[in-house]
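Undergrad: My questions all concern the structure below.
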Amino acid sequence: TKFILLGITDRPYAQTPLFVFFLLIYIVTLVGNIGIITLVRVSPSLHTPMYFFLTHSAFIDICYSTVISPRMLADLLSVDKTISFSECMMQFLTFAFFGSAECHLLAMMAYDRHVAICQPLLYVTIISSRVCWQLVASSYLFAFFSAIICTWYTFGGSFCGPSHIDHFFCDVVPVLNLVCPDNHSSEMVIFAFLAISVVGTSVVILLSYISILCTVLRMCSAQSRARAFHTCASHLMTITIFFGTGFFMYLQPPSSHRSLDKVASIFYTVVTPMLNPFIYSLRNKEVKGALLKCRRR
């Protein structure tokens, strides 16, 4: 009926500094992403499909981080790190939902950049307001079914072994390690489903950027090429951080998981949601311009 989260570290002297460090990260995450959403809403110049997708990405980052960070911060200052079975399952369900939604939204943003650079004259027709809502809705819908299936196969077995989860939240690998007597079939189903989901979105991103690269290399003007690369740089940086740690964590055999898993998990659950607002704003002239106009008002 209950699990015990072992947390990030078992060293008492390190827990308070880590609490302060991750609390600051969480506050910056909330302020940065809420700031992005507010700026896009109040700035007419940012009412474009790219920033429409960006606001949903910021919303997902807020929820994604909130699922993990408050519980992790509480456990760093608490002696009792127990979590009930239902709380653990709900944490994993919401984490899987927002994580999957983030993957699909990044793929949608790559497709948006592909149309903007490769078919600029048809961009307004192809990426209309209706299409934007359909793409975002499909991302959330697929993420919901993905989260339900992964949660069912993760928590649907019998837990008759130790109750200690060697992690700071209820993730699929450490929870499956507690299932007995044999969880091989569940591992294979979840691994196959994650592979299809993550690899599928990765293929969309890869094909989009291959097409973008071919189009950019055919441009005659060096200024046009630099502008196109600058447009995609922020998105590529986010993809590299998010998918890099995700591939390391989930697309390796269960027997290969080691202590570095916690470090990788911290990157994509805590650090990446904090970095995204800075990646998209500090390298973006349109966001900087909209921010200056808001300050003048």
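We number each residue from 1, going along the chain as drawn.
Using N, Cα and C of the backbone, Cβ positions are placed for all residues, glycine too.
Nobody curates TrEMBL annotations by hand; they come from automatic prediction.
Here the structure is a predicted model, which means the values were calculated and not measured.
Feature annotation from TrEMBL assigns transmembrane segment to 18-39, 51-69, 89-111, 131-155, 188-216, 228-251, 263-282. Marked as domain 'G-protein coupled receptors family 1 profile' by TrEMBL: 32-280.
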Undergrad: Is the transmembrane segment (131-155) packed against any residues at least 6 beyond its ends, judged by a Cβ distance under 8 Å, and which are they?
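TA: Sequence-distant neighbours of the transmembrane segment (131-155): 49, 52-53, 56, 85, 88-89, 92-94, 96-101, 103-105, 108, 111, 172, 175-176, 186, 189-190, 193-194, 197.
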Undergrad: Determine the mean pLDDT over the domain 'G-protein coupled receptors family 1 profile' (32-280), rounding to the nearest whole number.
TA: 83
